[in-house]
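Asker: Please see the structure below; I have some questions.
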Amino acid sequence: MAGACLRYAVMEVLGFGRLITPEAQAVMAEGSARHRRFQTWLLTEADVIAVEAPLVSESWQVSGRVDAVVRLNGEPVAIEYKTAGPERFQAMLASGRPLAEHWAQLMCYLATGAYRRGCLVVEERDSGRRLQWAAYPDPAWTAWLGQRLEAVRRYQAAHRLPSREVSRGCLTCDRWQRCFRSEAERAAAVEAHPDWEPDPPLPALPSQPSPPAWVHSARTQEEGGPA
Ligand code: SF4
């Protein structure tokens, strides 16, 4: 919810239904299987403290599960794992930037949990290639997330939906029919406004991926062991 379109997030807390197509269902099933494989892989490649670590913030009224927490130089690192189709993965590869929605989720964990380091791992579904970005608590993201969640609660209390935040994300949104009368109307809106421009504007995203500091091979190098 942290990095979602505001209207979508309000629908979520108000309990609106979702339209899950068979294609979306297949993608979700594959994503879950990849998630499990990644967590199993981590157990051999990193110093894992926990998988699916629960996280609750009473002040922000949010809860979630951190995909994994690993130890690096004695310090816990929160790992968020995502999968992406070739088109989105290629866009991240070309720009060096993660998707805002993925980054926002990890920044929410860093803002609400006791983590001073995090890492976002994005895997391409077709090839299994990965990109990753190191993360640290960022006051600009904490402020942005706080404002967005406050807005969600305001609309929830008023039982009202905010305006649409049109972007390419509408093309895969499973609640799009609450926003557009037809696929043609949606396509035209997205063509006119492909980029997500939330209010307040997004804080800065990292501009390039980071090396995998938390896997064993990198850890032994950091500790002076063999490469
Ligand atoms: S269709 Fe677009 S504007 Fe509507 S809820 Fe989904 S992402 Fe938001």
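Backbone N, Cα and C atoms are what each Cβ position is placed from, and that goes for glycine too.
Dumping what TrEMBL says about this protein:
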- 199-212: compositional bias 'Pro residues' (COMPBIAS)
- 36-179: domain 'PD-(D/E)XK endonuclease-like' (DOMAIN)
- 190-227: region 'Disordered' (REGION)
Asker: Across the domain 'PD-(D/E)XK endonuclease-like' (36-179), what does the mean pLDDT come to, as a whole number?
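Answerer: That region's mean pLDDT is 93.
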Asker: Where DSSP helix means H, G or I and strand means E or B, what are the helix, strand and coil counts for the domain 'PD-(D/E)XK endonuclease-like' (36-179)?
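Answerer: Taking each residue of the domain 'PD-(D/E)XK endonuclease-like' (36-179) in turn, the totals are 61 helix, 45 strand, 38 coil.
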